């Protein structure tokens, strides 16, 4: 990693004699879990191996341009069948669950299934398999991350995984996943949810937010058992499912990722997870529902569709989770979310727990989100700015016409790991992918215009190392956890600084280190001020050209920012009920601290939010490509 940063620090974007496009021989990155397997060709980027190059389109098959190297493989979606409560499942007399790897609920007790060595290997891998990334060399630094929690009677944080408050079976699964201790967001979210409180959690990317809601929800589910099906359920010719936990995510990829994590932590339990999203066969999803669903991961559009078809009832929902909640609301999913929360048979806000997680919560989004919460705790983990010091951020001044050549120089300096490149448009993603393939790189693309099958195959190829470069639009920017991404490149800098935060957070996750490189020119001056602030807060180098352009923009435009709705960056990780005040409330200098520190002497909450802000007038139109 240090080699990458060092090579980049010596990079001159004006130097066209770097040899980036020469026929150099470079070693192809092979993930640890596929090393030693038979490979065809030399594995040389420039050597046109594995059908990359030569006949550049030979590996596209019937896919459209931008397909790159995307053969199917491990990582394909399982719709809840097989060993996770599908066709092998059965309901025995007096019990709930069954099957080869499903536990049962019998006479008020949870009876876990027997261990399954093959399934454990598939779910959790082995300790040396870095494709199952858990924590890195800087994981212990999380103990020093500042934490602020505001609200009435905030519960004390935990310092380690133990029972109570966590269920013993869940602890076994956490150990199988090689999670040795909770991250700061998990230290606080577990007792907060266990206490029956609603939660709005803002934590930097790669900090364990998925475990932050899965652990407490599953722990309670394992202990309390399934809810009884309403008597009226048998009066319909359509067999409905009655999940007790619903997790909403903005994209298909994030929903699938959450589902994959849920499969790990529901191993041997009675809880049957399932995922539904648009772009895949709704008939197949309906068929899988016949085998039961207790924890449902869904995108808003597909869940709305299934509700209208009356295949799902939300009457038994105890937990509603909105992951990347700010993004869902900002993307225009508010009508679907309101239809799900307020227009269905879901219990009212007073009769369920609602949890919202994201890396950023601008105050305007907090106002809107408070409609769905009651007496909630606002949790802010990490410094305002929400980027990790595990990520080395590099800003290069690159004019648009120089971007391709500069990109080749960067890729030549990156000797190992996976590279994720972000562009702004779908057309740019396809064009850049084709360019990289022509240059001999193993690249593929993911964006909203590709079919779901193409997107899944592209992600599979990238995760397994068959494609070492993934070119993506914002569809992959939020929440995705792809192991071994060592370099993120913002080929196009987004207009919103929060999107920048989420993009670079695809590397440097769970205490691992990473590099994020951004191409900047005067066309991006509207975000210069906040970019300087972000770099300074994360102890990163601020190039002189960026400071100069920031001053130019401030003098000419009064320092106003572009992007969505003109949000104030300073409030994106602070409870809006506090009026943006930096003092007061509860705070901790680190996630492991058992006390709340001296937060200004306040012992109470910050008042009750009225929550009735109505519909957002500035939400963007919903794009069906997201759901």
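Including glycine, each Cβ sits where the backbone N, Cα and C put it.
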Have a look at 323-326, 327-330, 331-334 and point to the one annotated motif 'DEAD box' in Swiss-Prot.
323-326
Tally of helix, strand and coil residues over the motif 'DEAD box' (323-326) according to DSSP?
2 helix, 1 strand, 1 coil
Taking each of the binding-site residues 207, 210 in turn and counting other Cβ atoms within 10 Å of its Cβ, which one has the fewest?
210
DSSP-wise, what's the residue breakdown of the domain 'Helicase C-terminal' (406-550) into helix, strand and coil?
67 helix, 26 strand, 52 coil
Structural state of residue 209 (ATP binding site), classified by DSSP into three states:
helix
